[in-house]
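Asks: Swiss-Prot lists these features:
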BINDING   Gly173, Asp174, Arg175, Gln176, Thr177, Gly178, Lys179, Thr180  ATP binding site
SITE      Ser374  site 'Required for activity'
Amino acid sequence: MAELTIRPEEIRDALDNFVQSYQPDAASREEVGTVSVAGDGIAKVEGLPSAMANELLKFEDGTLGLALNLEEREIGAIVLGEFSGIEEGQPVQRTGEVLSVGVGEGYLGRVVDPLGNPIDGLGEIATESRRALELQAPGVMVRKSVHEPMQTGYKAVDAMVPIGRGQRQLIIGDRQTGKTALAVDTIINQRDNWRSGDVNKQVRCIYVAIGQKGSTIASVRGALEEAGALEYTTIVAAPASDPAGFKYLAPYTGSAIGQHWMYDGKHVLIIFDDLSKQADAYRAVSLLLRRPPGREAYPGDVFYLHSRLLERCAKLSDEMGAGSMTGLPIVETKANDVSAFIPTNVISITDGQCFLESDLFNAGQRPALNVGISVSRVGGSAQHKAMKQVSGRLRVDLAQFRELEAFAAFGSDLDAASKASLERGKRMVELLKQPQYAPFPMEEQVVSVWAGTTGKMDDVPVEDIRRFEAELLEFLRRERKDLLTSIAEGGKMSDDTLQSVADAIAAFKQQFETSDGKLLGEG
């Protein structure tokens, strides 16, 4: 029988190998905290010394919380969901994760909550990956100047305050002045681009509803579906009934979904409706977490709340795929006061604003755009060349009309030139009126604006202007389709093109009958 011998060196080597290759069990150690205060959508948690800012926490019933305040003895967290089941003394676990949302093409045509969960009853969403809500905005070196137009379909906006892809254009005004209608019509106006199948033309749209009535969100969804625009739109809904934490997070969820497409080389339009309610929700959360209040009781970082959100909208350089995300934030004012805290903050962050005025709205001017204080700082370089060519005089003419109108109200005698300017101004104001859910293609806008600014409608009675425009465009679509196509596909209009437009208008006038039964051609 062979002698069995074990040398000490072999034992030592075996122990060394075992120690080096030892893998401990996964659940070796975890931190568990305790809820000390709960209520009103927030929770104070003791006993999680290693928790990080914006880390997700998990409560006993599976509800998630977001760590916002990291204090010496406790953590202040907002509860993401129903907080009635969270009580003092319950255990809380760290997850080691930050808040993220699923992204991908599966979100098109769907309605989701601020955590990315579907709430439209159409089943689960197939996601491609997950994206953190708090991601750095694109840096200066990966951006490109705005140079492509983003058509809204509104003559007043596309002619005087043009918007480019990658721009942030604020829509501001009192309640019930048509802010949401302008945003929804801009989404609907992207329909033909989407159906063209051209990736460079297609725009994916995201509508973020913050603190809106549930019925309002449902009506927006219905309008988009009826217009055939829901197929390329995602709705992120945080209605008024949702906790303040959801209303605070909803815009970041929408921008995370949009950023995924932007970095993929696609074009995105995102609407935040509206950021006043997000600021109110953030103020409520901050006051509940005992953060020191500042002006109008908003916390000190409320500017950063909006700046870090809106800076994510950008036009990326060709090296980054040339994608873009255009932002249309909406802010509600009180009594047309644009000098309040939140409006001035957002005005200073954005690249321009469309100011909608309740007096104009009530006077029947829709969209109720106040041209005097509405401005687009970067959109001019993105405006279609034909539109730029015909709309140059429009803003000046309207400003002169407003001055003359105020002057004429005193009953003073006006010279012939002033009277002519006043009459043309009345027709231009009438021409810029537009019904909801009826956006105009760019080439038809160009024809309408050119006809108005060059005096081709001066002999049309004011009450017939809109009917004249509608029938003229129908005549052009039927008889001179080639002319509209050449305007749409070309750049600046040549003298020959302008002459062709003038001839077409003259030919149409021969058959247009005014409301008093008179043919314009006879005049």
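Cβ atoms are placed via backbone N, Cα and C, with glycine included.
Walk me through the surroundings of each of these features.
Replies: Contacts of Gln176 (ATP binding site) defined by a Cβ separation under 8 A and a same-chain sequence distance of 6+ are given as Ser358, Phe361, in order along the sequence.
In the three-state DSSP assignment, the secondary structure recorded for Ser374 (site 'Required for activity') is coil.
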Asks: Tell me, by DSSP, whether Thr180 (ATP binding site) is helix, strand or coil?
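Replies: Helix, per DSSP.
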Asks: Let me know the DSSP-derived helix, strand or coil state of Asp174 (ATP binding site), please.
Replies: coil
Asks: What Cα-Cα separation, expressed in whole Å, is found between Thr180 (ATP binding site) and Ser374 (site 'Required for activity')?
Replies: 17
Asks: Taking just the CA atoms, what is the gap between Ser374 (site 'Required for activity') and Asp174 (ATP binding site) in Å?
Replies: 15
Asks: Taking the center of the Cβ atoms of Gly173, Asp174, Arg175, Gln176, Thr177, Gly178, Lys179, Thr180 at the recorded ATP site, which other residues in this chain have a Cβ no more than 8 Å from that point?
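Replies: For the ATP site the neighbour list reads Glu332, Leu356, Ser358, Phe361, Ala368.
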